[in-house]
Amino acid sequence: MTNIRKSHPLMKIVNNAFIDLPAPSNISSWWNFGSLLGICLILQILTGLFLAMHYTSDTMTAFSSVTHICRDVNYGWIIRYMHANGASMFFICLFMHVGRGLYYGSYTFLETWNIGVILLFVTMATAFMGYVLPWGQMSFWGATVITNLLSAIPYIGTNLVEWIWGGFSVDKATLTRFFAFHFILPFIIAALAMVHLLFLHETGSNNPTGISSDADKIPFHPYYTIKDILGAILLILVLTLLVLFAPDLLGDPDNYTPANPLNTPPHIKPEWYFLFAYAILRSIPNKLGGVLALILSILILILMPMLHTSKQRSMMFRPISQCLFWVLVADLLTLTWIGGQPVEHPYIIIGQLASIMYFLLILVLMPVAGSIENNLLKW
């Protein structure tokens, strides 16, 4: 009799994806972030579901309902902070996952990479809409500023913004539709993640060397299941420490003030994980130019396979590219810092230089470094 996990139609899929999957024997801890993202998504869907049971998407009661969750619902405060800080952990894992893909050349798996970029976009949209729901000052003004960017689109811009708002300003209709979208999108993310995995399992995983590992595979279980469990324990430990000891560390104090359309906060800024893109947006004086730069800052990832000039897939044996990669990381950290600063000297010029550096590194310097390294191989 054959084993049930190899014969049952559903178990067979699970078996081929998580148990008998042939995996490279040398993948490092940088390959843990895929499973961690899955755990983050499940955690966000569960905590979000329990929050939605008590939340009301009406401008008059939204802020009060969040206060009610934190004060009156059994363990409501922990559910709320798990959800808010879970989003931060989600984005930390996302950035590490994308960074790993860039460093080790995983973007040569075209379908997997492109679906990954779509996943990044959808996740960012979901997080943005979720940030609007508590209806604090930063929720309201963040929604106003970001949706208003669409008015930069020629001819149809203003109509588009009013269509998204459901009126002439961010109001009840906006909040209700954002809640509806924020509820449905995580399930779309889950579906896309399955397609992402489907395409990945067509080719098999990449590995740190960037060389085919067909000659040296090991089963996913028990080797990588135990490794993923260790990663999950560390993720939950960090999240628990954050939730229990510093729940508001990554939040904005302005969001503890109910939304007031008549009073603009001194510094409007998004959550920390959007600050790098926000800094790029602000560094261009022209509205439409800023919006295009903002979109391109993420969309540029789709160009990565076309910008790959090296004969080697991974950066493991490419010291010049390695240096440029870490300069890019430093540049993104600089942009994140600038995004949270007021628009004044010297922050404006630092932001502009960091934005130019970001596009220059990806579009020019890294492809040139790849070509130089190819020539150095001939020596």
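Just so it is clear, glycine is given a Cβ too, placed from its N, Cα and C backbone atoms.
Annotated heme b b562 binding site per Swiss-Prot: H83, H182, in sequence order. According to Swiss-Prot, the heme b b566 binding site annotation covers H97, H196. Under the heading ubiquinone binding site, Swiss-Prot lists H201, citing similarity to another entry as support. Swiss-Prot lists 33-53, 77-98, 113-133, 178-198, 226-246, 288-308, 320-340, 347-367 with the feature transmembrane segment.
Shown here: features listed in Swiss-Prot, placed on the structure.
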residue : record                   : DSSP class
H83     : heme b b562 binding site : helix
H97     : heme b b566 binding site : helix
H182    : heme b b562 binding site : helix
H196    : heme b b566 binding site : helix
H201    : ubiquinone binding site  : helix
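Listed as Cβ neighbours of the transmembrane segment (113-133) (distance under 8 Å, sequence separation of 6 or more from its ends, same chain) are residues 48, 55, 57, 62, 66, 87, 90-91, 94, 97-98, 101, 106-107, 139-140, 142-143, 146, 174-175, 178-179, 181-182, 185-186, 188-189, 192-193, 195-196, 199, 270-271, 273-274, 298-299, 301-302, 304-305.
Long-range Cβ contacts of the transmembrane segment (33-53) within its own chain (Cβ-Cβ under 8 Å, at least 6 residues beyond either end) map to 69, 79-80, 82-83, 86-87, 89-90, 93-94, 96-97, 100, 130, 182-183, 186-187, 189-190, 193, 228, 231-232, 235-236. In this structure, the C-alpha atom of H196 (heme b b566 binding site) lies 21 angstrom from that of H182 (heme b b562 binding site). Sequence-distant neighbours of H97 (heme b b566 binding site) (same chain, six or more apart, CB under 8 Å from its CB) are F33, G34, L37, G116, listed in sequence order. Across the fold, the C-alpha of H83 (heme b b562 binding site) and the C-alpha of the residue listed as 'ubiquinone binding site' stand 30 Å from each other. Using a 10 Å radius centred on the Cβ of H83 (heme b b562 binding site) and all shown protein chains, the other Cβ atoms total 21. The two recorded residues, the residue listed as 'ubiquinone binding site' and H182 (heme b b562 binding site), show a Cα separation of 29 Å. Taking every recorded stretch in 77-98, 178-198, 320-340, 347-367 and counting its Cβ pairs under 8 Å to the transmembrane segment (288-308), the highest total belongs to 347-367. With a cut-off of 8 Å between Cβ atoms, the residues of this chain six or more beyond the transmembrane segment (347-367) that come close are 279-280, 282-284, 293, 296-297, 300, 303-304, 307-309, 321, 324-325, 327-328, 331-332, 334-335, 338-339, 341. Taking the Cβ of H196 (heme b b566 binding site) as centre and 10 Å as the limit, one finds 21 other Cβ atoms among all the protein chains shown. Taking Cβ-Cβ distances under 8 Å and a sequence separation of 6 or more, the neighbours of H182 (heme b b562 binding site) in its chain are G48, T126, M129, G130, L133. Its Cβ placed at the centre, H201 (ubiquinone binding site) has 14 other Cβ atoms within 10 Å.
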